[in-house]
Structure formats: C-alpha cells, structure tokens
Amino acid sequence: MTNSSLVTTFILAGLAHAPELDTFLFGSFMVIYVLTVVGNLLIMLVIIVDPHLHTPMYYFLANLSFIDMWYSMVTVPKMLMTLVSPEGSAISFPSCVAQLYSFHFLGSTECFLYTVMSYDRFLAISYPLQYASMMSGRTCAILATATWLSGSLHSAVQTTLTFRLPFCGPNQIQHYFCDAPPILKLACADTSTVEMVIFVNIGVVALGCFLLTVLSYVSIIHSILKIRTSEGRWRAFQTCASHCTVVLCFFVPCVFIYLRPGSKEAMDRVVAVFYTVLTPLLNPVVYTLRNKEVKKALLKLKDKVVHFQSK
C-alpha cells in the first residue's frame, strides 16, 4: 500500500454533543462497553462448557459473540478517550489504518455470518430430518471459515483503496473512529472513483447478504405456515425472532450510512452508535432473555461456580 501522505496523526472529532455531557456520555458508554464484553464472553463460555449447546446454531452464535466483543473493542475505547481529554482524540496514521481495517473486517464478517445463520435456521425448520447430516461439524467449520476469509478480503479492499490516496492537508476526521467516508474527505486528490468503488463494494456485500437473509426467512415463514399445530408454529417462529431483531438493528443503520446519497456528518455519527455500541450489546441481551436453552446453561454454570466456591 503506497502512500505519499504528509499527515502522521489524525484528530478524531468525536460525537457531536454539548461539553457538559462529557461525564454522562462517558459513564453511559463505559457501562454499555463493560456489559457488552462481559455478556459476549459469558455466551462463549456457556456454549463451550455446555455439551447441550454444541449444535450448529450455537456454534455460529459463539462466532457472533466473539465478533461483537472485538467489534466493540475496536471503536468504543477510543471514543471514551475522546470524551476524557483532548489528547485522547489523536490517533496515529498506522493506528487509523489498523482501526479501519479491523472495523470493516469484523463488520463484514458479521454481515456474512448473519446470512449463514439465517441459512442454518432455514435448514433446521424446513428439513428437520436431514438437518444433522446437512449441517455437520465439517460443514459448519467451512461456512464459518468462509465468512472470516470473505470479511478479511472485503476489508483489505476498503483499507487499501482509502489509504493509497495522499493526505497532505487537514487532519481532523469528523467521526469518533476511523471510517472510510470521513477519511476520504481529507484526501488531497480526486476521490470520486475510489468512493464509487467502495460504494459498490459495500453495496454488493450489504445488500447481497440482506437479500439472501430475507430469502431464507421468506422460505422459513413458508415452512412455518405448513406446520399444523399453533404451538409448533409458535416454537418455530421463536427460534428465528431473536435473530431477526439483531439482523435488523445491524443492517438498517449500515444501509443508512453507507448506501444513501449525500452525507450528514453529525447524523452519521449518531446512527453509527447503533451498530458500533448498541448492536454488540443486543447479542447477549436478545439471545439470553429470549432463549430458554441459554438461560438454563447460564443457571447451570452459576450453580457450578457456587458449588466450586463452597468447597
């Protein structure tokens, strides 16, 4: 990645807010951040230690929890630093490159993973008798690996296109983390071609994954309607409701920011909070509060810990 940039450090503008709200925002985001990391760690731990959860759905959920934990860690700590002191707003050029790559790597991997998870639910509901053989351990591992490799490739394209441009002028990024659209505005060259390629790249990934996910759920609804008993239909619907909730909270803000014409920087920063701060928290909340199996596994884990401490 060749670059003739003169800029060695960027300044993150942070969230647009009144200065007197610094303490309140710092406290709120810190609580959300801790809950996100601890919640996703708990889900991964429960899935690993409970044999009843060694199924394809929970295998992919463990991957999702791992992604969400790191997704939050990539952006939130730096945002908290910008709220504490002006010095915390500075980010070196290499660190900015690393943050943008990590952000898009984890984000696009999560996008692909949602598609795989919807396909998994489609097979489980539409082909219950063949499901175990169709989603074997080897198949799950191949699908998970494919999502990580695809995410890595997608992010490499985004990062290379963004930072191959020269940066010789203003260095203030109108955001609370390094992302392609606000960084491109600082380039000392024509960015129209790069912007179009990035737009198409994100559009193909986001809309492609979203349409495949919708197709899976249309097929799932069709299969659910064939179930004769209302109890059976309700149980089948419940297995997918939590997934739909998280998917919508992830895709809608992403489409709003990256695939709409024009850009309003203050609005983009507020909307970005939804998928960088709140969506990673939704994963442990939705999947534990709406999932009886995970709640049972958490209670078992709690009993084991209490029993171990009493010895």
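Including glycine, each Cβ sits where the backbone N, Cα and C put it.
Annotation source TrEMBL lists domain 'G-protein coupled receptors family 1 profile' at 39-287.
Per TrEMBL, the feature transmembrane segment maps to 26-48 (among others). Residues 54, 58-59, 61-62, 65-66, 68-69, 72-73, 76-77, 79-80, 83-84, 277-278, 280-281, 283-285, 287-288, 294, 297-298, 301 of the same chain lie 6 or more positions beyond the ends of the transmembrane segment (26-48) yet place their CB under 8 Å from a CB of it.
Tertiary proximity for the transmembrane segment (196-220) is limited to same-chain residues at least six positions away from its ends with a CB under 8 Å from its CB atoms, namely 108, 111-112, 114-115, 118-119, 121-122, 125-126, 154, 157-158, 161-162, 180, 184, 236, 240, 244, 247, 251, 254-255, 258-259. If you look up TrEMBL, you'll see 196-220 (among others) marked as transmembrane segment.
Beyond the transmembrane segment (240-259), the same-chain residues lying 6 or more positions past its ends with a Cβ under 8 Å from any Cβ of the stretch are 107, 110-111, 114, 117-118, 121, 125, 181, 199, 202-203, 206-207, 209-210, 213, 217, 220, 268, 271-272, 274-275, 278-279, 282-283, 286-287, 290-291. Residues or ranges marked as transmembrane segment by TrEMBL: 240-259 (among others).
Per TrEMBL, the feature transmembrane segment maps to 271-289 (among others).
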